[in-house]
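> Take this structure first; my questions come after.
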Amino acid sequence: MLLSVAEIAAVTAADPTGLSAAELARELRRVVVDSREAREGDLFACLPGERADGHDFAAQAVEKGAGAVLASRPLPHVAAPVLVVRDVLAALGVLARAWRLSRRSRVIAVTGSAGKTTLKEMLATTLSTRFTVARNHKNFNNQLGLPLSILGTSGEEDYWVMELGISRRGDMEELGAIALPDVAVIHNIGPAHLEGLGDLKGVAKAKAALVGFVREGGTAVINRSHPDLWEAACAHGVPLVALSTREDVTGDVVCLWRGPAGPGLGRFELSVMGEKISCELPYPGEHFAENVGAVFAVAALAGFTPDETARTLTRAVAVEGRFSCREIGGSTLIDDTYNANPLSMRRAIACAEGMAAGRPLVLVLGDMLELGESAVEAHRDLGRFIAKTAVRAVFWRGERAEDVRLGLGGESWRGLFVAVQSPEDFAAAWAGFVAREGCDGVVLVKGSRSCRMEEFCALLENGLRAGEGES
């Protein structure tokens, strides 16, 4: 961004009384919420946190160079302009919306229940072969992350690709009003965040609310293979591009998975606005058809031919903690630790099974959270799903281990099931498993964010590199 203190005060309805002409004219280029990251030209936003209040660190941010402070109370000890607003987080949203409206950059807003960060990165990678592109940093996709991402742009980019994440009713209305997309993309829905969104129809309605914020002349790319989502999106009266990943569902863009095409590769057949193309891409799973199809749809809207789009996708995007694969010794370690819900969990397991192609498959999994009253049955369903696969062993972290075990069939399941809670528990259990059976196959690590499955992933990586079962 590039805004003066006076402009920020006007947009956020902060009282500039007492500020000098020089202070009002001071230009700011970035918003930070961590005083340790502050530098010259920054606006430091004081946000309350679980462990600390940003107001207590405003002076420190100014000492590091911050040119002004956005706060919810006066800070007379701070040696910089302090703009006082009623709600700092809400003010950041208002400021981001104003910056968005003042720029000519086209906004592509991405949401879905699984794989939206990967899709965001795929879209940004494709578009950046022809245009200048800004995107969210990592998964800064909520009521704080989205404004920070938007305010972190220069405003000179051709496209902003922004991911939007929600967990409760009303979230999308807040985010959509900030993003105001030219193109909305919703590539799937599933049973995620049911505590805040109710049931699958509630998820569909909440996600589809984004369509109502598409700017005049814009469009939305919607996966018609999800009937509840399509119905909810149609209700907004916005022009839609229908995406389909099923042979029995028609669409403007149809992307069909045709199986593996070699190690780490998938074969896809597409029809893009009537033009057909087949391609082999580094996305080895059926569920990637939603991402691939969405990229072809958005790229077509941006003027790419299908052949041009296919060429941009020949190198897989690497997103930490999102089905990131490492070959270590004779094993494939899949780090999908960022988060989990029933949809993404099943897809990851199915994809890992396909990659194993007869080699041993081991699952190191954790609880799926925010499922409300559906939690017990969702975990038992997952156990039933796993029981139908060729999984050799399951290590489970979390309170839902017994539900998964019952879904597997309890004592009748022929594979190994071990409930572990701490990294030490897992290291010991893993060492015993490897001593008995070795490990030269595929290991998938996945669970909800609070399960901290990355701890287990680090142990596995160190152990596999050492040729042992524990680090």
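If you go along the chain as it appears here, the first residue is 1 and each next one adds 1.
Just so you know, glycine gets a Cβ as well, placed from its N, Cα and C.
Annotations in TrEMBL come from automatic prediction, not curation.
TrEMBL feature annotations, pasted as is:
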type	residues	note
BINDING	Gly112, Ser113, Ala114, Gly115, Lys116, Thr117, Thr118	ATP binding site
DOMAIN	31-99	domain 'Mur ligase N-terminal catalytic'
DOMAIN	110-299	domain 'Mur ligase central'
DOMAIN	321-449	domain 'Mur ligase C-terminal'
> Applying the rule Cβ within 8 Å of the centroid of the Cβ atoms of Gly112, Ser113, Ala114, Gly115, Lys116, Thr117, Thr118, what extra residues of the same chain belong around the ATP site?
Leu119, His187, Asn188, Asn291, Ser344
> Name the secondary structure element type, per DSSP in three states, that contains Lys116 (ATP binding site).
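Going by the DSSP assignment, Lys116 (ATP binding site) falls within a helical segment, counted as helix.
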> Write out the long-range same-chain contacts of Lys116 (ATP binding site), meaning residues 6 or more apart in sequence whose Cβ is under 8 Å from its Cβ.
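In sequence order, the residues whose Cβ lies under 8 Å from that of Lys116 (ATP binding site) (at least 6 apart) are Val110, Asn141, Glu163, Leu164, Gly165, His187.
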> Output the one of Gly112, Gly115 that, of all these binding-site residues, has the highest number of other Cβ atoms within 10 Å of its Cβ.
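Top count of Cβ atoms within 10 Å goes to Gly112.
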> Have a look around Ala114 (ATP binding site) and count the other CB atoms within 10 A of its CB, chains all included.
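26, counting other Cβ atoms within 10 Å of Ala114 (ATP binding site).
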> Could you put numbers on the helix, strand and coil content of the domain 'Mur ligase C-terminal' (321-449), residue by residue per DSSP?
58 helix, 34 strand, 37 coil
> Can you count helix, strand and coil residues in the domain 'Mur ligase N-terminal catalytic' (31-99) using DSSP?
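The composition, in the requested order, is 25 helix, 15 strand, 29 coil.
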